[in-house]
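> Just passing along the structure, written as structure tokens.
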Amino acid sequence: MRTFWIVAMLLVGVEGSLVELGKMILQETGKNPITSYGIYGCNCGVGSRHKPKDGTDRCCFVHKCCYKKLTDCDPKMDGYTYSFKDKTIICDVNNPCLKEMCECDKAVAICLRENLDTYNKKYKIYPKFLCKKPDTC
């Protein structure tokens, strides 16, 4: 179980509800979020924002920027619930900040699906030291 949580920390969003984010990514892309996106490119997983390597990596960059805009909640600590109906993610959360967090996660899951054609296996376990200088949102 401890190994699962260590690996789970490598997910795209590290912050927020890792389980919910992982489920969204799996539902939208059909890919395992940990093995496919956990250490992908320069922006998926742990670390700061860098110049994206491709469309998939850009999704993770935008997701980190989305989390940066959150107010009144902590993406590292707070969680949420959502539903998945008719192949659609529904953020049915009453708390405004948790709803924003859910919407950030929904957006990255959809973005990853829309960028499946940009997914490049050479970026799957990409060394961060090869990433260009940090980029701003």
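Any Cβ shown, glycine's included, is placed from N, Cα and C.
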> Any idea which of 56-68, 95-107, 108-120, 121-133 is down as region 'Important for membrane-damaging activities in eukaryotes and bacteria' in Swiss-Prot?
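My reading of Swiss-Prot: the region 'Important for membrane-damaging activities in eukaryotes and bacteria' range is 121-133.
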> Quick one: which of these recorded positions, Cys42, Cys44, Cys91, Cys102, Lys124, have their CA within 10 A of Cys59 (disulfide bond)?
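Candidates kept after distance check: Cys44.
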> Long-range same-chain neighbours of Cys137 (disulfide bond), Cβ under 8 Å, sequence gap at least 6?
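For Cys137 (disulfide bond), the qualifying residues are Arg49, Lys64, Cys65, Lys68, Lys69.
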> If I take the alpha carbons of Cys111 (disulfide bond) and Cys60 (disulfide bond), what is the distance between them in whole Å?
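Each residue's Cα considered, Cys111 (disulfide bond) and Cys60 (disulfide bond) end up 9 Å apart.
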> For Cys102 (disulfide bond), name the DSSP secondary structure in the helix/strand/coil scheme.
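Helix, per DSSP.
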